[in-house]
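Right, one structure below, let's go through it.
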Amino acid sequence: MGSGYQLLQLPRERFRKTSFLVWVIILFQRAISMPLGIVTNSTLKATEIDQLVCRDKLSSTSQLKSVGLNLEGNGIATDVPSATKRWGFRSGVPPKVVSYEAGEWAENCYNLEIKKSDGSECLPLPPDGVRGFPRCRYVHKVQGTGPCPGDLAFHKNGAFFLYDRLASTVIYRGTTFAEGVIAFLILSEPKKHFWKATPAHEPVNTTDDSTSYYMTLTLSYEMSNFGGEESNTLFKVDNHTYVQLDRPHTPQFLVQLNETLRRNNRLSNSTGRLTWTVDPKIEPDVGEWAFWETKKKLFPTTSWRKLAFPNSINPHQQLLRSEPGGNCPRKN
């Protein structure tokens, strides 16, 4: 029996060292308020995370600032056919909203008005107080029809739709939005002094006009089968002239395309609809800022004549459609 106890007992010197090490760990944990479970357990409770994050870093919620960050900075495709593939309809999922204090200026924003085949609306009206995203270089305004298989339109990648200082998980009808996420920044607490320093700059008068000093260009589209497997998108030049969009493109390309059609008098001269297609040889990604590093070397050798008629618009591939009450003659 004595030998059995000897196996369980620690030598006196080793026991002292082990006890000292245990006390050091306990005192170390109490000194820095770090939960011991963080070493072996990845699922921490909220209180443990608060102790870990907030000590000497966050002393007040006033140090937290919410910022809206746009997705287009990641280099995602921003043309309407590509963007609409990232959105889908779902039923039975309640929408969620969160406010934010500051945001970026967006290159591309979207504004949707989609109806079902029976004439009913696909998208809900925005709640009271919700306004469109205020800083957009291009607003892609899309009107059309679709099956809309669900109650609300969500982002398939889990991102938010950014409105004016409000982010929502759903798209609201006729309200301009940008795609993005919400980030929370922890600002260092300013040191308190007993005297008040003189401000470095005089206060600047602000305005409630969210569109001041920022030029916004609206591009219009017509879309059919929105929310379906295969959708069709037309760029609207005027009420009777359209361009079929079959490839990813940039808003700058559409602006130049619009100018080319008008400058060369290629608009519909009747009450019928005239639809053009773009020559496949033309690169539609001119001016894309997200790919500037890969494209900037090509600009000095690119001839802008490629965007002039007839190279950018192929008259032999044009699609002519007649609307009721008028014929659309072929352009020469």
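Even glycines carry a Cβ here, placed using N, Cα and C.
Copied from Swiss-Prot, the annotated features are:
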| type | residues | note |
| --- | --- | --- |
| SIGNAL | 1-33 | signal peptide |
| CARBOHYD | ASN41 | N-linked glycosylation site |
| DISULFID | CYS109-CYS136 | disulfide bond |
| DISULFID | CYS122-CYS148 | disulfide bond |
| CARBOHYD | ASN205 | N-linked glycosylation site |
| CARBOHYD | ASN239 | N-linked glycosylation site |
| CARBOHYD | ASN258 | N-linked glycosylation site |
| CARBOHYD | ASN269 | N-linked glycosylation site |
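Features as recorded by Swiss-Prot, highlighted on the structure.
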{"residue": "CYS109", "record": "disulfide bond", "DSSP class": "strand"}
{"residue": "CYS122", "record": "disulfide bond", "DSSP class": "coil"}
{"residue": "CYS136", "record": "disulfide bond", "DSSP class": "strand"}
{"residue": "CYS148", "record": "disulfide bond", "DSSP class": "coil"}
{"residue": "ASN239", "record": "N-linked glycosylation site", "DSSP class": "coil"}
{"residue": "ASN258", "record": "N-linked glycosylation site", "DSSP class": "helix"}
{"residue": "ASN269", "record": "N-linked glycosylation site", "DSSP class": "coil"}
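Note: the Cα of ASN269 (N-linked glycosylation site) and the Cα of CYS122 (disulfide bond) are spaced 34 Å from each other. Taking CYS109, CYS136, ASN239, ASN258 as the recorded positions under consideration, the smallest Cα distance to CYS148 (disulfide bond) is found for CYS109. Cα of CYS109 (disulfide bond) to Cα of ASN258 (N-linked glycosylation site): a span of 19 Å. Separating the Cα atoms of ASN239 (N-linked glycosylation site) and ASN258 (N-linked glycosylation site) is a whole-number distance of 13 Å. Within the same chain, the residues at least 6 positions away from CYS122 (disulfide bond) whose Cβ sits under 8 Å from its Cβ are PHE89, ILE114, LYS115, LYS116, GLY146, CYS148, ALA153, ARG173, PHE226, GLY227, listed in sequence order. The distance from the Cα of CYS136 (disulfide bond) to the Cα of ASN258 (N-linked glycosylation site) comes to 20 Å. Within 10 Å of the C-beta of ASN269 (N-linked glycosylation site) there are 13 other C-beta atoms, taking all protein chains into account.
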